[in-house]
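As recorded in Swiss-Prot:
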- 1-24: signal peptide (SIGNAL)
- ASN38: N-linked glycosylation site (CARBOHYD)
- ASN52: N-linked glycosylation site (CARBOHYD)
- GLN160: site 'Transition state stabilizer' (SITE)
- ASP161: active site, proton donor (ACT_SITE)
- ASP182: active site, nucleophile (ACT_SITE)
- ARG243, TRP245: substrate binding site (BINDING)
- ASN257: N-linked glycosylation site (CARBOHYD)
- ASN292: N-linked glycosylation site (CARBOHYD)
Amino acid sequence: MGTHRIILGLAALCCFCLPHLIEAKPFEVIVDQSGHGNFTTIQKAIDSVPINNTHWFFINVKAGLYREKITIPQKKPFIVIVGAGKRSTRVEWDDHASLAQSPTFATLADNTVVKKITFANSYNFPSNGKINKNPRVPAVAAFIGGDKSAFYSVGFAGIQDTLWDSDGRHYFHRCTIQGAVDFILGSGQSIYQSCVIQVLGGQLGPGVTGYITAQGRTNANDANGFVFINCLVHGFGKAYLGRAWRPYSRVIFYNSNLTDVVDPLGWWEWNYQGYEKQLTYAEHGCFGSGSNTSRRAKWVKKLSASAVQHLADLSFINRGGWVEDLPIRV
């Protein structure tokens, strides 16, 4: 009887500690290029999801390089795509020039969740360590346009406009984002937590400075902005933390490791010279060889501790508690 109670107790403890291992998956299909799944392409699996879907629909993608473009339409919410790992499952395409038409992966739907997969736009991306000689143009790896969407251990690989964080509330956790120019852009209301931001400045040539973010907040009442919490910024060459794509651009780096890849000036007003007071760019509690702010642009705001805490908190994106309702846990 004593042994029986101990076993039951351990089972209960495991269930409490590891909720992510016992997620309910009411609808599930497998994508496998070898033909041993339900589909051989991710897009065909997405196509199988009913219009106006109301239940979490899991698409498990086996390891491999998938040469395809993927779109989740607006009327197909509640899709979960799970790969075998950022380095094992990779989706790659090479459209370019048109920002709107180039994304390798695009979701227009609310409640999109992705885990353990990499989306790459290969048009300008270096191959086997060699500089890519294609003319540099916008070439998007991923477009995120729906609300209440989350990305766990996802890779985004490109050079210019890699991750188009367009609109809606988004949560990125332990993701890797690679690029050189405006490679995290858009008007999303997003938290990037424990992510790796890798600057690939070698693609720009000697002495050319890149830009990590190009945030597009258009007026003072907009709730959107990019918040980076406990992130690592590293790589090669030099890059500004951000430049203003729109007149009320807002980006915060909080408790993050900024290496010397960060240009000492830090931020650029771009087309909004004379309107710098409208921009909200801040660094709080950051460390590392590129975190010294003594040479930052003089117009950069000094936010109060309470203002920083408001932005650098999950509540910034989590109205309604949608993050806790996701079928995948951190």
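Cβ atoms here come from the backbone N, Cα and C positions, even for glycine.
The shown structure was predicted, so the numbers you read here are calculated from the model rather than taken from an experiment.
Features per Swiss-Prot, on structure.
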residue : record                             : contacts (Cβ under 8 Å, 6+ apart)
ASN38   : N-linked glycosylation site        : VAL29, ILE30, VAL31, ALA45, SER48
ASN52   : N-linked glycosylation site        : LYS75, LYS76, PRO77
GLN160  : site 'Transition state stabilizer' : ASN124, ARG136, VAL137, PRO138, ALA139, GLY179, ALA180, VAL181, ASP182, PHE183
ASP161  : active site, proton donor          : LEU99, SER102, PRO138, ALA139, VAL140, GLY179, VAL181, ASP182, PHE183, LEU185
ARG243  : substrate binding site             : ASP182, TYR211, THR213, ALA214, SER249, TRP267, TRP268, GLU269, TRP270
TRP245  : substrate binding site             : ASP182, LEU185, ALA214, GLN215, GLY216, TRP270
ASN257  : N-linked glycosylation site        : CYS231, LEU232, VAL233, HIS234, CYS286, PHE287, GLY288, SER291
ASN292  : N-linked glycosylation site        : PRO264
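ASP182 (active site, nucleophile): 24 other CB atoms within 10 A of its CB, across all protein chains.
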